[in-house]
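S.K.: Per TrEMBL, the features are:
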- 397-410: compositional bias 'Basic and acidic residues' (COMPBIAS)
- 39-182: domain 'Methionyl/Leucyl tRNA synthetase' (DOMAIN)
- 220-407: domain 'Leucyl-tRNA synthetase editing' (DOMAIN)
- 389-410: region 'Disordered' (REGION)
């Protein structure tokens, strides 16, 4: 049987509009359900990515209506920013006129798709009625000391002339125009999200059946880390490298240090060294990579020796200093003490580059005498070994005692 979707869809969409079938109305007897998909950027045309994402949302909205919920399912347009202005300049028109034209075209196409939106609640982020509330929220956060300015490295699209989130960098290029993304230092506004970290992390536990990868990414972005800052002195120098760690119990097993390629000390460490040219080349390569991919546990870690050495403060062992793509400036101090026997990323990196390993925590269930017998890092709890005066202590107890001892020793 031939289904004339153009004719039939048009008929029923008129009925839906006339009866405001998808408008959310006050209904105290029904359970409320609010569903919102990410607003599209108004390019003027929808594509199959839009169709896929908004079909998924629409299925959920219709299912909840079948369950008897009072569903609010609005739509809007992410229409405020540099990309819209760039597109207007390219098309030789005013940004406001260009953006509204694109919104009108996209709304027409989205309506033709038959999605069950409450179009009476449509918003555009470029309208003052919307962005005045952004301004209000920002001012409130500023008044309470939660908004601050600082210089930081950002993903920069030279074509769009705007910054990009890590998720918007695809294979080293801008998700919108595919231009090669650069790293650029800019002074910008930040919000102290970490002030709310406990509440935000608690809310993550309410997200049932979400992919672990997504939950881990959100938890890392929110950033709850309780640990200590340890200072590693450079060999033959008074310069120190501050290292943040949540595992002071493993410091006796730190056999090398890794800095983020963007770390401000790197250029000084390599200056005049035989490795200087190769290190700079590596830094340039990493600067074009997606930071989420760099931090992923599933991606091979790359790094290079700086030619410099530091001293482990607890045993005076001279250890090498590397830079690697898996260390990010955004986390801690941008430097880590690498403990390959008790951190999987460090383990893989050390094995790849032939770096030394030392076991400092033994499982109470089984014993591994030699690091070369390990097939993966042991990241669980156990008893301290090869840890000087702390040998035999449960590592959680040692964590506190080692921290206090290092603080006392300076």
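Placed from the backbone N, Cα and C atoms, the Cβ positions cover glycine too.
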S.K.: Averaged across the domain 'Leucyl-tRNA synthetase editing' (220-407), what pLDDT does the model get? Just tell me the whole number, please.
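M.R.: Reported value for the domain 'Leucyl-tRNA synthetase editing' (220-407) is a mean pLDDT of 91.
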S.K.: Which sequence positions outside the region 'Disordered' (389-410), separated from its termini by at least 6 residues, show Cβ-Cβ distances below 8 Å to it?
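M.R.: Distant Cβ neighbours of the region 'Disordered' (389-410) are 228, 230, 247-252, 313-314, 361, 381-383.
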S.K.: Reported in the order helix, strand, coil, what are the DSSP residue counts of the domain 'Methionyl/Leucyl tRNA synthetase' (39-182)?
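M.R.: Output for the domain 'Methionyl/Leucyl tRNA synthetase' (39-182) reads 68 helix, 27 strand, 49 coil.
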